Amino acid sequence: MKFVGIVGTNAQHSYNRMLLEFMQRHFATQAEIEILELTDVPMFDESNDQTDSTIIQNFATKIATADGVIIASPEHNHSVPSALKSIIEWLSFKIHPLDGQAVMIVGASYSVQGSSRAQLHLRQILDAPGVNASVMPGSEFLLGRAQTAFDDQGNLKVQGTVDFLDSCFAKFQKFATIVAEMRAPEALSFAPGTYQVTATGHNGELPMRVTLSADRIENIEIDTSSETQGIADVAFERIPKEIIAGQTLAVDAISGASITSHGVIDGVARAVKEAGANPDDLKKRRATKQVAQPAVKEVTTDVVVVGAGGAGMTAAAKVLQAGHQAVVLEKFPAVGGNTVRAGGPMNAADPDWQRQFAALPGEKQTLKDLSERDESTIAPEYRADFRKLKQQIDAYLTANTNQKGTLFDSTLLHRIQTYLGGQRTDLNGQEIHGQYDLVKELTDNALDSVKWLQSIGVKFDESQVTMPVGAIWRRGHKPMGDLGFAYIKTLRAFVEQQGGTIMTETPVKELLVTDGQVRGVIATNAAHEKVIVHADAVILASGGFAANTKMLQKYNTYWTAIDDDVKTTNSPAMTGDGIRLGTSVGAALVGMGFSQMMPVSDPETGELFSGLQVPPANFVMVNQQGKRFVNEYGSRDELTQAAIDNGSLFYLIADDEIKKTAYNTTQAKIDQQVANGTLFRADTLTDLAQQIGMDPAALTKTIADYNRYVDAGEDPEFHKTAFDLKVAVAPFYATPRKPATHHTMGGLKIDSDAHVLNTDGQVIDGLYAAGEVAGGIHAGNRLGGNSLSDIFTFGRIAAAHAVAEHVDPVTA
């Protein structure tokens, strides 16, 4: 049987968690018990509905597909903790997975009475009409004086207590079986045929064709063109198979693609309803799953990489290129991490290529201003580079005296802009800037990273030089294909062709340390097997923690506040796992208080590429009063703070010509978003203003002023430093935007060889880090486009040093 155990508290140390963990081990041969934590469950707030959030949907799916639920509750003020009450509220507000589900209550407490009063209240709560759980009567397991009940291994010490728990659990297994028989749905019958339905995915509509026979779901076809490649692929493959195999709608959503997963399930439900059956009956059916016996799987390799995003896959590819073995462990079902969510352009100074493009109005003035900057404002370690850069700029300006000239760039400009872009002061007055040797390594090797990617099959669009929001300068190399998936598709194919092993749904729990050297990892796979990977070196590439709001709030020293309900552009996998692993072996942290918001995110989803996302030279940002409020060419944190100061919600205004410069969209997607009311379109600015509830006169004046600034090449209001197109050709568009968490600059402290350093500044032998899990490069603010340069550069560096220092010496 399969049960879920809910830890009824979010306390870091909990005897109720210890009790469930003991039950998980003790009853492993009888049943599978999956433990669910309340740590990231938001407090219940009816006015801020989070029913569709990943964490709530995950709880709902796990409960609905289990044979029973075990709740371990402590006692707080004679009742249940607020965290437990909140999850039950969420699970009875708009969804009801506990309805009719078998529930066993256990509890541990310091008191001699155990959690008796809390259990009584919990029974009353679970019996409420909106919850309607089937709670096992009697057989209350009350563990009193819990602080002395467990031994050092977390096992119950008193045999009589274990015996009583055995009897309670045996009764619960019988009880769950009886409840399941009572809940068993009657046989279904459908009107046979193929039903065309439309569900809602993450990015828009999902047209589906569902074929039903008289009593079975026979086939599910989905038009996947609206969804982002690399993110929802696993959902499209796995969800239909599981629905058909189990003839049930009670299937688990795919981590990282939960919205799309539920969209597919809802689409089939609509077809079932059209065929004359009740889809709720199919939701009560549970897929038959055999409980795997506890097992240990051991693997030996040269280098193990934690995380299958861009940095991790790059590291694995470089290890394989060197003729060695690599194993990549990824906690989510799909590879790609945040890289598949990236816009695509990666920064690398390539003057020979860039000089074929004309300079934009304002770019030469930006260079002139930088050249005239007082050297005393530059950190000492950067001054020699700054002097050389001034010479380069002065020579360029002398040679390009005409109005436009060609686009200038150099490795030194990239380096100094990365340094200045990351120079920030936190709320405590603490100044931070990028570590010189790391920034130098990044900017010196970024172009080599582009060339290396080309060598393994990534194709770049050399007809345009692009600039992501907040990049400051046009040096973006954009791949052909869809978003960052172009990188991941190529990297995955290369790793697999070279004999690399990729294990998905295998989160790493701890690092293996032997004689002071990190020599592997311990993980758990989807079959609940313990996976031990022995390796000569470990590379952490598991990303940052922008999807972990509590962790952001814990470390934050930059933003005046980070709201509990803040959206994120990130994969839900970005919860700081690698940082936890690193600190478990003594790693130092750097810059943890600085996180980056993406100012131009979808207000509802945090999605980056909805609406019209265009180059910043074409950004026209207006607040809810129809007025510009910021230099749209500024850094991400400048844009974010300005947005927050103006009520957070704002609009990107575009015309038909600017629309043509939008990234990663199609006319069909644009039309669909207009129809859905997430993008606004009108033939006049007056009509557009009325659609979005702002003063038409204010918006019309704002656009007229902006167009004059474009003609003049100068912005006297906000000093925008680069312009391209005017807003002049109908139809006109308004894309609603709002800041969302995007990147965490802080992380494990590394040196320029990607070694992880301990709190004494010494190398942790055998441990390397690359990508967002590492700190020190971007300091207080990351330039747009630099993260991709970072992951591909330091992924290669980490692999090269891991092989040279730990693999080659062993095999030589």
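Placement of Cβ uses the backbone N, Cα and C atoms for every residue, glycine included.
The record from Swiss-Prot ties A311, E330, N338, T339, G343, G344, D577, E772, L788 to FAD, and of the options H743, H755, H806 it ties H743 to that site too. E772 (FAD binding site) sits 17 Å from R636 (active site, proton donor), taking the C-alpha atoms as the reference points.
Using a 10 Å radius centred on the Cβ of G343 (FAD binding site) and all shown protein chains, the other Cβ atoms total 20.
If you draw a 10 Å sphere around the CB of R636 (active site, proton donor), it holds 24 other CB atoms from the protein chains shown.
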